[in-house]
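Taken verbatim from TrEMBL:
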type: DOMAIN; residues: 106-261; note: domain 'Sodium/calcium exchanger membrane region'
type: DOMAIN; residues: 295-413; note: domain 'Sodium/calcium exchanger membrane region'
type: TRANSMEM; residues: 66-86; note: transmembrane segment
type: TRANSMEM; residues: 106-124; note: transmembrane segment
type: TRANSMEM; residues: 136-158; note: transmembrane segment
type: TRANSMEM; residues: 170-193; note: transmembrane segment
type: TRANSMEM; residues: 205-228; note: transmembrane segment
type: TRANSMEM; residues: 240-259; note: transmembrane segment
type: TRANSMEM; residues: 296-314; note: transmembrane segment
type: TRANSMEM; residues: 320-340; note: transmembrane segment
type: TRANSMEM; residues: 361-387; note: transmembrane segment
type: TRANSMEM; residues: 399-419; note: transmembrane segment
Amino acid sequence: MDYRLQLVGLQSNPEMEMGSLEERSSHEVEDESLISPAKIGQKTNSFHAPQLGSSCRDWRIWGSKLLGNAVFMSIRVVVFSNKLNFLMPFGPLAVLVHGLSDHNGWVFFLTLLGITPLAERLGYATEQLAFYTGDTVGGLLNATFGNATELIISIYALKSGMIRVVQQSLLGSILSNMLLVLGCAFFCGGIVFNNKQQVFNKAIAVLNSGLLLMAVMGLLFPAVLHFTHTEVHFGRSELALSRFSSCIMLLAYAGYLVFQLKSQKDLYMSIAEGGTLPEEGSDDNEGPEISKWESVIWLSILTAWIAILSEYLVDAIEGASIAWKMPVSFISVILLPIVGNAAEHASAIMFAMKDKLDISLGVAIGSSTQISMFAIPFCVVIGWIMGCPMDLNFQLFETATLFITVLVVAFLLQVCISIKEHRSIYFDNGVL
């Protein structure tokens, strides 16, 4: 009975009900206002955000603190997280030595040491950016910025008229990737996983081998034309053929990019499907350490600093050759590619030791494909624009070495594919 009377009283006096609701809502607002951004900041031990009624000056101070903290964390992650970065001060030291003395040998040596960590950090920033762009675009960015050091050095060498240095450094990059890097990856992966068959993507390996053979053909024809002395205008015909072949190779590389990024991108995105699943606790679930825009900014800074040091490096090559009593060809074929590909060399071997042989092949053979199909023709076109007679005549010995190297690697990959197919047939028939 009392309960019914209360209901009747509420229905008959709606003003009392509205007043109670307003009082209750005001109490709730007061309770919610107690939870301010400052208290949240105290709980998370972060910077105290200003109140809503604070002045614009307080908000600017708070924003500058957050920006300073973000910049400090980015510098700490990129600059101070790698042990190889202790070589970074050698870059400014090389600039100082160049300005105070004429010791080209020391300038060249210090510049080499200074570029080595920059090339590694360039690969790191590209890997961080790949977390946001995806595997396919990330692999392309990794190969592109991995070869950025060689391209920058080659452009400065072309500007100085050092055509043979450009040819030999690019040739040395291909040989080091296909012989040294790939061989070390196979060797180290076989030692770590001696009781396990490592697998890789057959289609991508065959495709890259075919592109490399096509690039070798483009390099072979100008050399054959030069040494057979069958051209009508000696010297000018091989240059014209080189420029024509370079344009064709650049178009073919553009078609390969369309094939990789648009037409058959699923072929490249499913690299790990043919292998084993990643184990728990592996590094496959690692996330990015810096943001996308931080990666872009660091790529710009590192590329600009490498470009500055590359100019000092190219200017000191001939002086270092005289001071060290070392031929320029040895410096171009051996030293420059090792420094420019230091990050790729280390990453390919580490991926093979983590049972990711497919990525190792992508780093080694993919980088060689990009140098032969893009970097070399691009240098020919840039030399054409500069008025420098850069051609594809790499001389007979260098061209024959490259041709034999590509054939050996192609046959090796075919043997590995054949062994894998035969083992799968035996397993399916119950032989093994």
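The backbone N, Cα and C atoms fix where each Cβ goes, glycine too.
Values in this document were obtained by computation on a predicted structure and should not be read as measured data.
Long-range neighbours of the transmembrane segment (296-314) within the same chain, counting only residues 6 or more positions beyond its ends whose Cβ lies under 8 Å from a Cβ of the stretch, are 74, 78, 91, 94-95, 98, 107-108, 111-112, 114-115, 118-119, 121-122, 125-126, 129, 145, 148-149, 152-153, 156-157, 160, 162, 165, 290. Contact count against the transmembrane segment (320-340) (Cβ pairs under 8 Å) is highest for 170-193, out of 66-86, 170-193, 205-228, 361-387, 399-419. Here the domain 'Sodium/calcium exchanger membrane region' (295-413) has, by DSSP, the following mix of helix, strand and coil residues: 102 helix, 0 strand, 17 coil.
Residues of the same chain lying 6 or more positions beyond the ends of the transmembrane segment (106-124) and with a Cβ under 8 Å from any Cβ of it are 78-79, 82, 84-94, 97-98, 142, 145-146, 148-149, 298-299, 302-303, 305-306, 309-310, 312-313, 315-317, 319-320, 335, 339-344, 346-347.
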